[in-house]
Amino acid sequence: MKILFATLLVVTTPHLVTGQIHWGNLSKIGVVGTGSASYKVMTQSSHQTLVIKLMPNITAIDNCTKTEIEEYKRLLGTVLQPIKVALNAITKNIKPIRSSTTSRRHRRFAGVALAGAALGVATAAQITAGIALHQSMMNTQAIESLKASLETTNQAIEEIRQAGQEMILAVQGVQDYINNELVPAMGQLSCDIVGQKLGLKLLRYYTEILSLFGPSLRDPISAEISIQALSYALGGDINKILEKLGYSGSDLLAILESKGIKAKITYVDIESYFIVLSIAYPSLSEIKGVIIHALEGVSYNIGSQEWYTTVPRYVATQGYLISNFDDTPCAFTPEGTICSQNALYPMSPLLQECFRGSTRSCARTLVSGSIGNRFILSKGNLIANCASILCKCYTTGSIISQDPDKILTYIAADQCPIVEVDGVTIQVGSREYPDAVYLHKIDLGPPISLEKLDVGTNLGNAVTKLEKAKDLLDSSDLILETIKGASVTNTGHILVGAGLIAVVGILIVTCCCRKRSNDSKVSTVILNPGLKPDLTGTSKSYVRSL
């Protein structure tokens, strides 16, 4: 299936794989696109009614086969009785709703309702399955008409048309054998031999029914149907369903692979020994503008460590939007991707930035053991991690080495027309990618762990660090409380000391002022006028001035 999807790249037009996704930048970190396809979803189904009559009409040989028929009926009862009980249990609490119009003339069927009070507890799937089963069941009149038709027919495969319904295909697997072999041989064979032959044929038919419709017998409500059972239901002509629903051969194959065709048992008759199956064939609706892209990654080396970029296997683009794509309910064909339900779901903004070319938004993880691709062929060029595997030019016999500052090597015909890598010889084309990608020119994303053991270990380490951080925070809270109490006491001491210093300062200033005042009084000289000073040696001018 991977090879089939890879070949899709050749048949799809080039413009489908360009646009929102920056393949150039992604290729620098080892991510390349390997294909793109349109997107189809299975929608409302068309139904076919199939009646499998397990007990043939044996009127002509009834006298010789009573013992074998009784044993065969007992065998059928062990299979059909549990199915009938299960169907009754599912549908007993579902009743039809009549319109609220009081007039009998205008009273008509309006739908079905679930008797929730009687049912008690039921899941959404059980409720939906029960209502769908009730809606596909025939009414009593249709069942009686069908039973009458089956009792009167001696044909192995007969189409029965009922009023207002599509064609019903009735299958009686042993009837041809009875009509064409046993009845003509009644005059030549003894009753014992006829009974033995019929018994063996019935046992073989019983085994065949169990093999073909075993899933429906085990799961009467929503079992998938095999291609063998589908061919059996169509009388061996598989082209009928292709013509009726407009399927192509690849569409039908994809629908079968994705288990899109369902068959549910809607009625079991343990008296006439027949079962009624409703086979649902889904219609296909292409979602315009949605393209599904397949991705592959190549590991790259940073020093001695080998890494690869973690991206999903598939993504979807529609306009500017990039979405995740779940391939579980899908099948891939050359014409497109067919899914039994909507497989698109939102992508994180960070991963969208990665696909749009921001390599720093692309997470990476270490390669575990030998897991991971180490080379891939894209656009005719070989993208290889030649630091982890041996790359050799087959033409010249020389080794292609990868420098430590390169994370990947891109090999084209201008470097080496024929390359031998990891024991595989590949002829490459003209260059579509640069010669090499250097580590210092790439912004790599954050490293993450994907292995369960690594994730568990990292979570354990994170929890341990958080516990240690909590202990440190508690210790710091205690220290802060201590400092807060000590700071209040210290503040009081400081205020008292400042007050004492201020009082002492005031006293000192007061004492100094008084002392200075006393000194100025003592130093004042009062001259006595009765004494004459000694003026010997004094100049006359000074004396005259005196």
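We number each residue from 1, going along the chain as drawn.
Every residue gets a Cβ built from N, Cα and C, even glycine.
According to Swiss-Prot, the feature disulfide bond maps to CYS330-CYS339, CYS354-CYS362, CYS386-CYS391, CYS393-CYS416, an assignment based on similarity to another entry. What Swiss-Prot records for 109-133 is region 'Fusion peptide', and it gives similarity to another entry as the kind of evidence. Taken from Swiss-Prot, the feature signal peptide covers 1-19. The feature topological domain 'Extracellular' is assigned by Swiss-Prot to 20-491.
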Across all the protein chains here, work out how many other Cβ atoms are within 10 Å of the Cβ of CYS391 (disulfide bond).
23
Predicted model, mean pLDDT over the topological domain 'Extracellular' (20-491)
77
Can you figure out which of CYS339, CYS354, CYS362 (the disulfide-bonded residues) comes closest in space to CYS391 (disulfide bond), comparing Cα atoms?
CYS362
Residue from CYS330, CYS339, CYS386, CYS393 whose C-alpha is spatially nearest that of CYS362 (disulfide bond), among the disulfide-bonded residues:
CYS386
Rounded to the nearest Å - Cα separation of CYS339 (disulfide bond) and CYS354 (disulfide bond):
26
Looking only at DSSP and grouping its letters into three states, which state does CYS391 (disulfide bond) belong to?
strand
Looking at the disulfide-bonded residues CYS330, CYS354, CYS362, CYS393, which one has the fewest other Cβ atoms within 10 Å of its own Cβ?
CYS393
Using DSSP and collapsing to three states, where does CYS339 (disulfide bond) fall: helix, strand or coil?
strand
Does DSSP give CYS416 (disulfide bond) helix, strand or coil?
coil
Of the disulfide-bonded residues CYS330, CYS354, CYS386, which sits closest to CYS393 (disulfide bond) by Cα distance?
CYS386
By a 10 Å Cβ neighbour count, the lowest-scoring of the disulfide-bonded residues CYS339, CYS416 is CYS416
When the Cα-Cα distance from CYS330 (disulfide bond) is computed for each of the disulfide-bonded residues CYS354, CYS386, CYS416, which gives the smallest value?
CYS354
What is the Cβ neighbour count of CYS386 (disulfide bond) at a 10 Å cut-off, with all protein chains included?
24
Could you tell me the C-alpha distance between CYS386 (disulfide bond) and CYS416 (disulfide bond) in angstrom, no decimals?
14
